[in-house]
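Residues or ranges marked as pyridoxal 5'-phosphate binding site in TrEMBL: B:97, B:98, B:126, B:127, B:128, B:129, B:195, B:198, B:220, B:250, B:276. The N6-(pyridoxal phosphate)lysine annotation in TrEMBL covers B:221.
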């Protein structure tokens with residue numbers, strides 16, 4: 001056994017979250033792609049089966065009330081809330097991340113007022129945020145300006161209506177400074193919108209504490225909600241009464257079953273709802289959130305950093321010099337829960353890694369991306385991933 | 001056995017669709033609420049379980065290609081296409097009906113061109129369509145004008161950009177004249193948007209044949225896709241290259257995995273996609289569509305009319321005069337697949353009907369709504385429903 005293998009053994013023995021692994025369905029693959037699709041929580045299959053056979057099949061329409069379908073978007077939002085530092089009543093689940101970005105950016109522009117005519121967007125963002133922000137700008141008569149997150153404080157001004165930022169960059173794994181950027185946006189009188197896709201469930205977010213105005217996130221990465229599971233929208237309590245959705249579907253009406261011709265928005269998080277919620281996917285997500293019972297996000301963050309530190313050490317020791325270059329910041333304060341390695345033949349390398357049972361993903365054009373889900377990734381797996389990577393690039 | 005019971009027996013014996021009932025999970029409840037939530041198709045539970053345990057749990061991220069997740073929105077759209085008279089390649093599944101109404105109305109306005117500044121909307125519409133159309137009007141700088149469907153031809157003019165209509169009225173069950181209204185809209189140079197929620201799966205629609213421009217519909221009523229199952233969007237082939245979505249998410253990009261900063265829309269139906277599709281609900285819907293194998297929509301329509309005719313006859317015979325008034329048109333050409341009865345104490349009556357095993361729904365303030373799903377409702381059940389209704393109102 002190598003020195004790093006022994007270290008992994010010790011780290012696993014001292015890992016307070018190690019027991020959480022049994023809450024998931026896993027095999028002998030080293031799954032470092034939980035930042036793309038989280039593994040299946042063990043509680044999900046039986047709960048989905050119950051939703052299908054009993055709730056839909058037997059109770060049918062009665063389940064809207066008797067099985068709590070109607071209130072699922074807010075109820076599940078309240079389950080996500082503590083994971084992102086939000087008090088209850090501010091998060092609603094439903095629709096895709098892209099649709100929620102649209103609600104949030106248009107909502108932010110409307111909160112900011114008519115005289116502010118510019119939207120700033122993270123120039124390094126996951127593309128959909130930029131595309132949707134462009135549409136929001138076009139439809140609200142604002143101008144969209146892409147800026148590097150670090151340049152946001154200088155770009156802010158009296159014209160700034162809204163600022164759309166990613167908490168963790170999907171490609172590099174860089175963690176942006178949410179507290180200070182949010183404070184700067186607020187100080188400029190603008191409205192902040194954070195995309196939490198790559199941070200929620202992997203590290204503390206502190207939405208309430210840091211004064212975030214609006215936020216969106218997906219639930220199929222570190223929240224393990226399943227493929228295409230519904231996303232969520234956070235609207236800070238102080239803004240809820242003025243939140244003016246561009247998608248005022250009947251589910252957000254004060255009297256949804258009144259079938260009124262005039263639209264009167266409901267209060268609270270439910271104002272972010274649109275149409276009939278996608279119940280099967282919602283209930284899968286609800287079951288998936290059981291894995292968080294008794295888990296502290298701080299402990300998750302500590303293990304995440306330990307996992308990525310250890311991976312970087314193993315890579316440095318095993319992989320021939322010059323074959324890969326770490327794109328993810330080394331400083332803890334700037335690192336999410338993934339490691340992105342630049343590698344000339346990244347596509348081919350990832351293909352061979354997957355054949356060898358180490359699953360990460362390839363991001364065009366030259367990035368190997370490895371996500372570390374603290375609830376189910378072990379240090380032994382991290383060592384093995386680095387070792388197999390070294391063998392693959394040495395052979396390539 | 002009463003005369004109507006004998007007639008029901010005969011009608012059931014001659015029903016070519018009777019065998020389809022075994023494709024569903026049913027019990028001894030008379031379920032006349034399939035126009036709110038379709039019953040569970042028998043093939044769904046095992047298929048969903050496979051999607052959860054094997055596709056998600058074992059293959060995980062590989063399922064996006066190996067299990068066909070990525071192409072599901074278009075593939076399932078092509079399964080719906082023949083049910084609404086559309087050739088392949090024009091329907092995409094995903095998002096809620098409300099979100100699709102937004103895409104369709106904004107898309108229609110943009111197709112119509114800058115000089116047309118008015119949107120007409122069915123004044124009797126299911127409210128969400130009106131709310132969303134109002135938002136679309138506000139965000140595109142158009143005026144929204146509610147009109148009765150019958151008055152649409154007179155309301156059309158050079159100013160008309162788009163017209164949003166319901167094929168079947170959710171409340172009264174009235175079937176609007178899609179061919180002639182569509183032709184009138186087209187003749188005026190405007191763009192038609194049809195909401196098929198209450199017609200698709202119950203009667204022929206003929207989207208291609210009648211020159212419909214855009215259409216949306218849900219899949220959880222007569223298509224039995226499950227609670228909150230994803231909706232769909234039809235964009236007529238001739239418009240696809242000019243369809244300009246207000247929700248240009250990364251799934252609609254020509255190169256979705258190119259992660260490009262600039263947005264270039266893909267071609268075909270996929271241009272209507274937005275974010276990551278909700279896979280579990282999509283695959284439940286896909287399994288649900290198996291019930292249509294070998295079924296002709298014309299046969300479905302014939303049985304639907306026979307069921308509603310028979311229900312009206314039984315109600316006329318059984319229910320004390322003056323206790324209920326039929327709101328649904330008697331003429332076949334104006335009737336969808338439901339019967340709406342006005343009844344002073346409709347809420348209480350529906351409660352007692354449900355207790356007695358006859359499930360319809362109550363629509364505020366005074367409507368008893370009964371939906372007839374030809375694939376699983378029998379004539380014997382129709383007779384029983386009318387009989388129990390008579391007993392309930394006589395006792396009330």
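Using the three backbone atoms N, Cα and C, a Cβ is placed for every residue, glycine included.
Here the features listed in TrEMBL are painted onto the structure.
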| residue | record | Cβ neighbours (10 Å) |
| --- | --- | --- |
| B:97 | pyridoxal 5'-phosphate binding site | 30 |
| B:126 | pyridoxal 5'-phosphate binding site | 20 |
| B:128 | pyridoxal 5'-phosphate binding site | 27 |
| B:195 | pyridoxal 5'-phosphate binding site | 27 |
| B:220 | pyridoxal 5'-phosphate binding site | 28 |
| B:221 | N6-(pyridoxal phosphate)lysine | 27 |
| B:276 | pyridoxal 5'-phosphate binding site | 24 |
* Return the maximum Cα to Cα distance in Å (whole number) over the record's pyridoxal 5'-phosphate-binding residues: B:97, B:98, B:126, B:127, B:128, B:129, B:195, B:198, B:220, B:250, B:276. => 31
* To do: May I ask you to pick out the recorded positions among B:128, B:220, B:221 with a CB closer than 8 angstroms to chain A's CB atoms, ordered by sequence, or 'none' if no residue qualifies?
  => B:128, B:220
* Take the C-alpha atoms of residue B:195 (pyridoxal 5'-phosphate binding site) and residue B:221 (N6-(pyridoxal phosphate)lysine) and report the distance between them in angstrom, rounded. => 13
* Asked: Distance between residue B:126 (pyridoxal 5'-phosphate binding site) and the residue listed as 'N6-(pyridoxal phosphate)lysine' at the Cα atoms, whole Å?
  -> 14
* Closest of B:97, B:128, B:276 to the residue listed as 'N6-(pyridoxal phosphate)lysine', Cα positions, binding-site residues only -> B:97
